[in-house]
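Taken verbatim from TrEMBL:
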{"type": "SIGNAL", "residues": "1-22", "note": "signal peptide"}
{"type": "DISULFID", "residues": "C32-C49", "note": "disulfide bond"}
{"type": "DOMAIN", "residues": "63-213", "note": "domain 'Cupin type-1'"}
{"type": "BINDING", "residues": "N108, H113, E118", "note": "oxalate binding site"}
{"type": "BINDING", "residues": "H111, H113, E118, H159", "note": "Mn(2+) binding site"}
Amino acid sequence: MGSKYFVVFLTLCALASSLVLASDPSPLQDFCVAIAEPKDAVFVNGKFCKNPKLATADDFFLKGLNIPGDTSNPQGSNVTQANVAQIPGLNTLGISLVRIDYAPYGLNPPHTHPRATEVLQVVYGSLYVGFVTSNPENRLISKVLYEGDVFVFPVGLIHFQFNVGKTPAVAFAGLSSQNPGVITIANAVFGSNPPISDDVLAKAFQVDKKVVDLLQAQFSK
Ligand SMILES: *[C@@H]1O[C@H](CO)[C@@H](O)[C@H](O)[C@H]1NC(C)=O
């Protein structure tokens with residue numbers, strides 16, 4: 001291979017590897033406070049950055065995580081988010097936070113975060129938590145957690161938390177992305193818009209179409 005072609009080859013390799021980056025990039029500066037208005041801004045990682053000289057403490061601040069979310073919904077849980085959408089200073093920093101409230105016997109239903117590992121701490125109450133490993137094992141790794149206990153949900157794996165106590169429970173969790181994303185399994189599979197054909201779901205779940213239609217009715221928007 002001639003040296004000119006080798007340089008082209010290396011450039012293509014570098015380009016290909018940058019296109020398949022699967023996690024938030026390392027920040028290339030101290031911070032990059034996200035702004036909506038691109039006036040005098042630089043485009044980085046999907047958000048425009050504010051001129052760093054104009055950054056203020058409020059760009060890195062959020063209040064209200066002492067206030068419980070309303071858990072009077074069918075699942076009996078509520079996730080209050082503190083990611084780049086609420087704290088623009090998190091842009092490019094690869095981290096975020098949630099507060100999760102659980103009614104007695106409330107459930108944070110099976111879901112995955114496509115872009116983040118999660119480390120959860122129980123502040124109050126007791127939670128039965130677990131995640132399932134990928135194919136072909138699909139092993140459930142689960143545990144009952146109490147006040148002060150910490151548990152890790154690895155990136156991308158389906159996981160849940162269920163309040164097994166008679167009292168409300170509260171947990172906080174750190175996530176390794178400024179924008180972890182959430183895919184709630186039941187909502188994605190049975191509540192997509194437009195719906196996935198019941199022929200597909202009946203075959204996938206090996207049940208009668210009537211069962212699929214019932215589930216779709218529960219989750220359709
Ligand atoms: C979560 O709680 C907030 C604050 O009380 C409320 O506005 C929101 O509708 C709740 N979400 C769900 C899914 O119940």
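From the backbone N, Cα and C atoms, a Cβ is placed for every residue, glycine too.
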Integer mean pLDDT for the domain 'Cupin type-1' (63-213): 97
Neighbours of H113 (oxalate binding site) among the recorded positions C32, C49, H159 (Cα to Cα, within 10 Å): H159
Cβ neighbours within the same chain of H159 (Mn(2+) binding site) - under 8 Å, at least six residues apart: P110, H111, T112, E118, V129, G130, F131, V132, F153
Between N108 (oxalate binding site) and C32 (disulfide bond), the C-alpha gap once rounded to whole angstrom: 32
Cβ neighbours of E118 (oxalate binding site) where a neighbour is any other Cβ within 10 Å: 22
List of residues, in chain order, with Cβ under 8 A from that of C49 (disulfide bond) and at least 6 apart: C32, V33, A34, I35, A41, V42, N91, T92
Check: same-chain CB within 8 A of Mn(2+) site center, minus H111, H113, E118, H159: T112, A116, F131, F153, L157, I158, P180, V182
Among H111, H113 [binding-site residues], residue with fewest other Cβ within 10 Å: H111
Chain-mates of N108, H113, E118 with C-beta within 8 Å of site centroid, oxalate: V98, H111, T112, A116, L120, F153, H159, A173, L175, P180, V182
